[in-house]
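Student: Take a look at this one; I'll ask things after.
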Amino acid sequence: MSKLRINFLGKELKNPVITSSGCFGFGEEYNNYFDVDKLGAVNLKGITLKKRDGNKGIRIAETPSGMINSIGLENPGVEYFRDKIIGNLKYETPIILNINGESEEEYIAVAEIANEIERIDFIELNISCPNVKNGGMAFGINCKTAENLTKSVKKVLTKKPLIVKLSPNVTDITEIAKSVENAGADSVSLVNTFLAMKIDIKTKKPLLGNIFGGLSGGCIMPIAVRMVYQVFNAVKIPIIGMGGIENYNDALEFMMAGASLVSIGSGIFSNPILPIEVINGIENYIKENKIKDINELIGIAHK
Ligand SMILES: Cc1cc2nc3c(=O)[nH]c(=O)nc-3n(C[C@H](O)[C@H](O)[C@H](O)COP(=O)(O)O)c2cc1C
């Protein structure tokens, strides 16, 4: 049996490497680059109740070692996804569905539909999107709203484990992590993007149509690793670590800080086969260092 296998919330994954929501479409787009079934799991683009066209104007800006995006949750809506997309996906690896809403009612409605889709293995509650006017991050930067929403969604999710995706745009991420754990979250994923902006010096105005966007990529990684390290000390539930992973060394840092799974986002845009390189890199590291089981690495930096 492969030494990379990992049990995550009762499900056996081939390895701890997954893709991040919004950076991997619905998975099919990458079939030409590699076999998607080699991934531990895939996390799909954030879904809302109704179709969304996303934000107007410029939605992406490059930064040193990263990017700012303000896509604004463009997606076809959960019913279209259920009826026209999920049944046609050709891969078999486990799926995480990232759910979103502008109100508690919308989150619950999406969760109810997602709960009945057999092909979905895990639900990720996104309370950290910085690119929508209502809902999103507003729920995730306050312990009480984060806790209440988690409780309400957990109640309707009778068939799937619940991961809550945390925002780094807070004073103390451990407080939010503890609140959602108390509310019944089975896992936390961190981090989403950092609220950021860029000014166009030619027009002397904000570049992005939405003015603000979320910063991701290599430039955020040391902050994300610090947050995973802190949250590992604060909660008992497993952590999905992400933020700026660009090679297998980065992924190992997240695992040593306390992540059970590592998720690859923006790095895929410049290197579409990055997830496979990370899987192979971790496998070689384990062999070279005579590590018997990948689980030994999780949180090892705390020992
Ligand atoms: C273009 C883009 C779209 C994203 N869309 C979503 C989304 O729909 N839901 C979500 O929870 N996170 C979304 N994210 C955040 C990523 O999943 C991830 O948390 C973040 O980018 C940090 O990881 P990275 O530095 O490896 O990209 C998006 C990020 C980018 C760059």
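Including glycine, each Cβ sits where the backbone N, Cα and C put it.
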Student: Can you find which of Lys45, Lys90, Lys144, Lys151 TrEMBL lists as binding substrate at the same site as Asn69, Ser70, Ile71, Gly72, Leu73, Asn126, Asn192, Thr193?
Tutor: Lys45
Student: With Lys45, Gly46, Asn98, Asn126, Lys165, Val191, Gly217, Gly243, Gly244, Gly265, Ser266 listed by TrEMBL as FMN-binding, which of these, Ser2, Ser21, is given for the same site?
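Tutor: Record source TrEMBL; matching candidate: Ser21.
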Student: To the nearest Å, how far is the Cα of Gly72 (substrate binding site) from the Cα of Cys129 (active site, nucleophile)?
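Tutor: Spelling it out, the Cα of Gly72 (substrate binding site) and the Cα of Cys129 (active site, nucleophile) are 8 Å apart.
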Student: Sort the recorded positions Lys45, Ser70, Cys129 by C-alpha distance from Val191 (FMN binding site) and give me just the closest.
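Tutor: Nearest in space to Val191 (FMN binding site), counting only the recorded positions, is Cys129.
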Student: Across all chains shown, how many C-beta atoms besides its own are within 10 angstroms of the C-beta of Gly46 (FMN binding site)?
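Tutor: Taking every protein chain into account, the count is 24.
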Student: Do you know which of the binding-site residues Ser70, Gly72, Thr193 end up with C-beta under 6 Å from ligand 1?
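Tutor: By the Cβ criterion, which requires under 6 Å to ligand 1, the hits are Thr193.
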Student: Under a three-state reading of DSSP, tell me whether Gly265 (FMN binding site) is helix, strand or coil.
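Tutor: Note: Gly265 (FMN binding site) is coil by DSSP, not helix or strand.
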Student: Which whole-number value in Å describes the distance between the Cα atoms of Ser21 (FMN binding site) and Lys45 (substrate binding site)?
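Tutor: That separation, Cα to Cα, works out to 5 Å.
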